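According to Swiss-Prot, the features are:
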DOMAIN    6-94  domain 'Acylphosphatase-like'
ACT_SITE  R21  active site
ACT_SITE  N39  active site
Amino acid sequence: MMSKVCTIAWVHGTVQGVGFRYSTQREALQLGLTGYARNLDDGSVEVVACGEADNIEQLIAWLKAGGPRSARVEKVFTEPHQPDREYDKFSIRY
């Protein structure tokens with residue numbers, strides 16, 4: 001059994017209004033991750049991903065590579081995250 005970890009990421013650039021959260025959700029679900037993606041007031045998207053470390057790294061690499069074609073990612077900040085609860089799915093928050 002591999003250990004489950006969580007990472008929080010903030011994605012900056014042209015990432016709102018371009019289907020970014022939906023694409024991130026689809027990508028995360030394919031990787032078996034839980035967590036959420038939500039738009040922040042500063043125009044960035046916050047992503048919390050929990051699951052196998054390797055799969056989280058794949059999601060972060062996908063985010064850094066630019067995510068969906070319609071988006072333009074300028075920078076991605078990540079740090080380890082200790083959520084206050086367990087996520088049972090990967091959801092889109094509003």
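Cβ atoms here come from the backbone N, Cα and C positions, even for glycine.
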Report the DSSP secondary-structure composition of the domain 'Acylphosphatase-like' (6-94) as helix, strand and coil residue counts.
23 helix, 36 strand, 30 coil
I want to check the contact list for N39 (active site): same chain, sequence separation of six or more, C-beta distance under 8 angstroms. What comes out?
Q16, R21, V45, E46, Y94
Packing count at R21 (active site) (other Cβ atoms within 10 Å of its Cβ):
24
What mean pLDDT does the predicted model reach across the domain 'Acylphosphatase-like' (6-94)?
96
